[in-house]
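Contents: one structure, followed by commentary.
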Amino acid sequence: MCFEATMNLYIEFKCFVCVLLTSIFLLIVSDEGQTSSPKTFYTLAPMKAETWWKIYVNKSADYTDTKKTRETGAVTLNIEKTLNESVINLGAETVGCESDLNWQIVTKMSDEVVNGRIPPDKRSDENDREEETQVEKRRDKLKLAGVTVTDSPELNLARRIVSILPPFTPSSSRRVTNEQCLRESQYYLQELDNFALWALKMHDSSAKLPSGVLNGNVNQYGDIDQCLSVRAPWLGGVIKGRYCLTTSVLSLSDPDHPVLRQVQQLLQSHSMLRSELDDPGHRVPRFSAIHWALCVPASCNASDVQLALADILQRHTEGTGITFRVRVTAEMCQTKDDRLHLPTSTLVVGAVFFMIAALAVVATACDPNWRSLEQTLSTGRKLMQAFSLRKNVLTLFSLSRSPDDIESVHGVRAVSALLLLLAHKSMALFFNPYMNRTVMAEDLGRSWTSFARGACIHTDPFIMISGLLTSYSFYKELEHKKRLAVPREYLSRLMRLVPNLVALILFCTFILPWIGTGPLWNQVVRHHSDICKTTWWRNLLFIHNYFGFETMCLTHTHHLGIDTQLFALSPFFVYIVWRWPQIGLSVLTGVAAISTALRYSVTYSKHLSHYVVFGSSIRQLFQTADFSYTLPAHRATVYVMGIALGVGLRYCGRDFRLKKMHLTLGWTAAMVCFYMSIISPAHMASRHYIYNTTEAANFAAFVPITWCLFTAWIIFVSYIGHGGLLGRILSWHGFLVTTRLSYALYLIQFPILFYMVGKNRATYTYNVLLLVDVPEMVIITVGSILLTLLFDLPFQNIRNILLKKPN
């Protein structure tokens, strides 16, 4: 009895002392030398955004180890007392802590922090600011009570990162109704405040505002690989990263505002190519648009991202005179799961390519034995021997030429192929982000770029050479046989063109989309693959040039359609010139005049531009292609010029001689044609040039003629032995190899150029030397050699076997 009374008295005295100490602690600023050491609170999350708090309270070292867990409704209270510290997790409501006086102190302090808290999903922006103010007041009250309230170092870092670089989540928009997206976005923000590594990676993967935006550094790809690698467990499932490359176009409410207009011009790099959100972007870049990468939870779709981004931009630009139009498509949003399984079609096509390569290896192994029995080989073995790599390598790199060869044509073709490759490369370069894109635009707005701006400079010589070689061959056959085997010529041409074209379509449609990834991959590679899956048959019928660039499979092969359709008419043209020379030449002149008039009238009436002037719109370029550039009626002028040149070479022969005066006049006329084709239009390359319909129509109508006259003169004088140094250079034997590679080079360059664009993740510093990318050129060359050895030359051998001309 005495013992129990003594213990009760001791407990009551202890409680009295503790209550007194608690009152003094909470109401008076403690002096360190007079009381126990100050209590310190560490919050592992921002007070206004987290459901759970973790509070560390330093204690004096006179407690024993205990641990207690109690559940109160939906709130779990975990209490751990050690020798020097108590750890208490409290929910969004105040939870009682039994009668232990120490716990009561902690509860009281927690009450001060948690009291009045509003759940995150019910707050508005105004409530956020009000609550933040209240939290600061409560923190100040705790400081006055002698309690030092501080955050852990990692939370300080997380909060400062978020304040400097605010995270993007679709949950910031009230228009987003995707519940799963909203929940995962809220959890992402919560874990970002908790400094969770996966959330930091997601935040880090999104693009941030860089320096140099006024120098055109506005296209930011973020980190696609890091975004797609994000995985975090949540509610029995997994949160994954989705990478979206957004597109937005900036416009001004007052286009004449002096300062804003200048800022817009610098941001858009003077709009070297003007683009809109609706423009197709798979072959010509949306140059004046802004591309910005965002990493979001995978449950958020493209529509959620678009709504949220539009709302955020609207809030930040309200009242500034600047507006943004935003587009985010499903095509430009990627997850890692999109590429988990190869489709059956890809496996089948891969097997076909493997079998052709295996056939080439087997044929090469058997070739030494077959060469000794070549005269007695069966047709089947000859067809198999056609794939021999040894045979085809010797053919490809042979420098022997036919006595009837037009030597300079090979050099002209090689130079034109190089110019065409550089023109295609320059267009591919415009897709990439640059730190100094405005400098690039200003540099390209100079007269020296005139070579690259006129499409006819690169492609019309090919059309003229096609007409030249066709008439040169047909005229000889008419001279010897007095007739043409037209069906056999048509079949021979199809066997020459179709195998390579089929191989390229199969590769670009079923193989290429699965051998890379990147920010623009779906736009420039996969989108084109999807087009080919539905429109491939147009290419094999050589009518794809009539269906427009926007929905054309392998857009760069429009030239094959033009050339094949003109070739179909060539027997008629050559025959009438051979049979009735004056009438035939009159017909060719009439066709050339009509074609020229069509180019002029359509360019003038529809405001087209065959010369890419500074500030051309993407829509204008596509309309120029659809209404003129891809139509054989508009390109027939230079083809019939080639037919006339081929007939002229046969008529004059190699022994034809020109007097010195004639040569002088000819070279003078040729240099005038060069001046009219390259130098005269150079002023149109300036970034200050204003589009003029008459100048555009004159260029479209007459520059193809003057440029091909210049080229035709060089071929003619070289053929008759008056080409001089230039003729000897163009007649170099090494150009025979480039001629055999030219078809494969023409086909394969675009897929490789856009493969490089699609997989690019970097921001470049522009300089003109980027046009000559040595590794890329090596890949194009190697690819051209493989296509030639595995498809082009083997099927030419098969054509020669099956269509062997009778003696």
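Positions of Cβ are set from backbone N, Cα and C atoms, glycine also.
On a predicted model such as this, the values are computed, not experimentally measured, just so you know.
Per TrEMBL, compositional bias 'Basic and acidic residues' is recorded for 119-137.
Summarising the annotation, TrEMBL assigns domain 'Nose resistant-to-fluoxetine protein N-terminal' to 178-335.
Taken from TrEMBL, the feature region 'Disordered' applies to 115-137.
Here TrEMBL flags 347-366 (among others) as transmembrane segment.
The transmembrane segment annotation in TrEMBL covers 496-516 (among others). Residues 339, 342-343, 345-346, 348-350, 352-353, 525-526, 528-529, 532-533, 536, 539-540, 542, 553-554, 557, 560, 564, 743-744, 747-748, 751, 755, 758-759, 787, 790-792, 794-796, 799 of the same chain sit 6 or more residues outside the transmembrane segment (496-516) yet have a Cβ under 8 Å from a Cβ within it.
According to TrEMBL, the feature transmembrane segment maps to 585-602 (among others).
Annotation comment: TrEMBL describes 636-653 (among others) as transmembrane segment.
The transmembrane segment annotation in TrEMBL covers 665-684 (among others). Long-range Cβ contacts of the transmembrane segment (665-684) within its own chain (Cβ-Cβ under 8 Å, at least 6 residues beyond either end) map to 447-448, 450-451, 453-454, 457, 611, 613, 658, 695, 699, 702-703, 706-707, 709-710, 713-714, 717.
Among the features that TrEMBL reports, transmembrane segment is placed at 696-720 (among others). Residues 406-409, 412, 454, 456-457, 460-461, 464, 468, 592, 596-597, 599-601, 603-604, 607-611, 613, 628, 635, 637-638, 641-642, 645, 648-649, 652, 654-658, 663, 666-667, 669-674, 676-678, 681, 684, 726-727, 730-731 of the same chain lie 6 or more positions beyond the ends of the transmembrane segment (696-720) yet place their CB under 8 Å from a CB of it.
What TrEMBL lists as transmembrane segment is 732-757 (among others).
Long-range contacts of the transmembrane segment (585-602) within the same chain: residues 573, 576-577, 608, 610, 627-628, 633-637, 640-641, 643-644, 697-698, 700-702, 704-705, each at least 6 residues beyond the stretch ends and with a Cβ under 8 Å from a Cβ of the stretch. Sequence-distant neighbours of the transmembrane segment (347-366) (same chain, 6+ residues past either end, Cβ-Cβ under 8 Å): 384-390, 503, 506-507, 509-511, 789-791, 794.
Distant neighbours of the transmembrane segment (636-653): 406, 460-461, 463-472, 475-476, 479, 566, 570, 573-574, 577-578, 585, 588, 591-592, 594-596, 599, 704-705, 708-709, 712, 715-716, 719-720; these residues of the same chain sit at least 6 beyond its ends, with a Cβ under 8 Å from one of its Cβ atoms.
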